[in-house]
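One structure is given below, encoded as structure tokens.
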Amino acid sequence: MIETDKLAAERIIAATPASSHEEAFERALRPRQLDEYVGQEKVRDQLEIFIEAAKRRAEALDHVLLFGPPGLGKTTLAHIIAREMGVNLRQTSGPVLERAGDLAALLTNLEANDVLFIDEIHRLSPVVEEILYPALEDYQIDIMIGEGPAARSVKLDLQPFTLVGATTRAGMLTNPLRDRFGIVARLEFYDAEQLSRIVRRSAALLNAQIDPAGALEIAKRSRGTPRIANRLLRRVRDYAEVKADGNITAAVADAALAMLDVDPVGFDLMDRKLLEAILHKFDGGPVGVDNLAAAIGEERDTIEDVLEPYLIQQGFLQRTPRGRVATLLTYRHFGLATPDAASPVRNLWDTPDAER
């Protein structure tokens, strides 16, 4: 049972898979072992120790919660955990588990020490989540048999297992669920050097010719996200084969990405549309996310989960109690004059001396 939600709008730099065909590509490019996994050194080192300890004790790994922006490798890590433990992986997602029976069917079919991966775990229904609590703590579930006065509760024992939960919104998890994870890991955006290594590895798997400068050019425009880097690589490879000699150089990558409307800092049309709306329609902000969503014709969740994290991390956008505000860096990026000292926007910036 494998299902994932898809964004309504397909973007070349979207951090979610756009199709089942693309998901198949991603699976082919995924690292299979921890020593192949690039980046996230702290998380990787921790998992290496915890997995080895669990294997030596011949017991299930403690439950793992992975959170962070989309496209950073949460699903990949879940597969690696199962492979390193030498056990089976069952994969599903929060929205798919609508009834308690759906989860019970999955849990009762797990073998000893298997891994159950639930993507978008923050979207579990309360009924399903209640069933999960005793399963995580005691490896038992309570199910109701019969109806009305004849109904009775039956306790079923489960094999020891590891739950790996993934979410882009850790804050939406209930405290009881969050507290039941023994291992909690946040995945961070990647730097250009790490992404360049990922691009070169993926190019080798795709039999694409690429030089280090070409890989770095793609990496710099990938928004710190491996999934986007691999997607851009495939499009640049197409361009290199048709418009050049097949070798991806910095010049070829630059031309291909310009054609795809991905600028030197990794912005595409939607990023620019969002920032320009704040600058021109709302005078630099502050503006509420609902007004912003209406102004650019995009879903609120897409703005919060896909567009904003990178813009905030790179310093182009600020969240304030009064709404979203464009930063000094945004004005400079679009070649606009910065607000004067009397502007209310300047008073909302985190840095008083931002113009320095």
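Glycine too: its Cβ is placed from the backbone N, Cα and C atoms.
Owing to the predicted nature of the structure, the values given are computational and were not obtained by experimental measurement.
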Same ATP site per Swiss-Prot - residue from Arg221, Arg223, Arg227, Arg231 joining Leu29, Arg30, Gly71, Lys74, Thr75, Thr76, Glu137, Asp138, Tyr139, Arg180, Tyr190: Arg227
Binding-site residues: Leu29, Tyr190 - member with fewest neighbouring CB atoms within 10 Å: Leu29
Between Arg319 (DNA binding site) and Tyr190 (ATP binding site), the C-alpha gap once rounded to whole angstrom: 22
Cβ neighbours within the same chain of Arg300 (DNA binding site) - under 8 Å, at least six residues apart: Val289, Asp290, Ala293
Other same-chain residues whose Cβ falls within 8 Å of the Cβ centroid of Arg300, Arg319, Arg324, the recorded DNA site, in sequence order: Val287, Gly288, Val289, Leu292, Ile303, Glu304, Glu308, Gly323
